[in-house]
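Here is what TrEMBL records for this protein:
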- Cys197: active site, acyl-thioester intermediate (ACT_SITE)
- Arg94, Gly95, Gly96, Asp97, Ile98, Thr99, Tyr100, His101, Ala166, Leu167, Gly168, Gly179, Phe180, Ala181: substrate binding site (BINDING)
- 206-240: coiled coil (COILED)
- 49-239: domain 'BPL/LPL catalytic' (DOMAIN)
- Lys163: site 'Lowers pKa of active site Cys' (SITE)
Amino acid sequence: MTATQNKVLKFEDLGLMDYQTAFDFQENLMKSVIDQKLKNRDRTDDLFDETSNYLLFVEHPHVYTLGKSGDEHNMLANSEKLKEIDATFVKTNRGGDITYHGFGQLVGYPIIDLDNFKSDIHLYMRNLEEVIIRTIAEYGLKGERSEGETGVWLDVGKPYARKICALGVKTSKWVTMHGFALNVNTNLAYFDYIIACGIKDKGVTSLKAEREKEFSAHEIAELKNKIKCHFEEVFEAEIN
């Protein structure tokens, strides 16, 4: 536990950025926070330097990412098909199985020191879900959790249950990276080439599909602000 808990997050919207560049950006921030924690170990309270927290928003070009515990057999497209659909395939260090990122999807990467909040990864995941549940409620959608499956779902327990937001994180010394991927204007056809999150019997959806309308740039900006506001509420934090 830190001597003082810094609950301020520095926000940055990275815009459209390829997955590897965004990964490197996240990892550098994560390493800087961990380095600060290690320096603080041998410091007195008077010399203690608060660790930083960050919230990044980004949109990726078409990419399939496989988590460290994932099964490559859940990638259904071969290299020729990936080239045809202008997508790439990347193995990454987050938890979880395979997912898709692409145009029209809002990806959030919190790089935070959980010692500034609660040092509980399960609570952290549930809080991320809660942020999205509260956000999509403003669009008339009832987001839910599905037992044993991370993310935010609609119509849990019904044959047409579907995921609208995927989650996958990595932690080291209680510092997080990766985060959530909310389908907004996402082309859901790209999910046809994977067994999303390794779950065979459930589908995926988007805000566009559920609301039956394309979200404009202005509406997406409003959506981002709503997510930030609910993040502040759930985590009792400040984003600037």
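Note that Cβ sites are derived from N, Cα and C of the backbone, with glycine treated the same way.
Automated prediction, rather than curation, is the source of TrEMBL annotations.
Feature map: TrEMBL annotations on the structure.
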{"residue": "Arg94", "record": "substrate binding site", "DSSP class": "coil"}
{"residue": "Tyr100", "record": "substrate binding site", "DSSP class": "strand"}
{"residue": "Lys163", "record": "site 'Lowers pKa of active site Cys'", "DSSP class": "strand"}
{"residue": "Gly168", "record": "substrate binding site", "DSSP class": "strand"}
{"residue": "Phe180", "record": "substrate binding site", "DSSP class": "strand"}
Max pairwise CA distance, angstrom, over record-listed substrate binders Arg94, Gly95, Gly96, Asp97, Ile98, Thr99, Tyr100, His101, Ala166, Leu167, Gly168, Gly179, Phe180, Ala181: 15
Recorded positions (Arg94, Lys163), the one with most neighbouring Cβ atoms at 10 Å: Lys163
Most Cβ neighbours inside 10 Å, all chains, among the binding-site residues Gly96, Gly168: Gly168
Pairwise Cα distance for Phe180 (substrate binding site)/Lys163 (site 'Lowers pKa of active site Cys') [Å, integer]: 12
Cα separation, Lys163 (site 'Lowers pKa of active site Cys') to Tyr100 (substrate binding site) (Å, whole number): 12
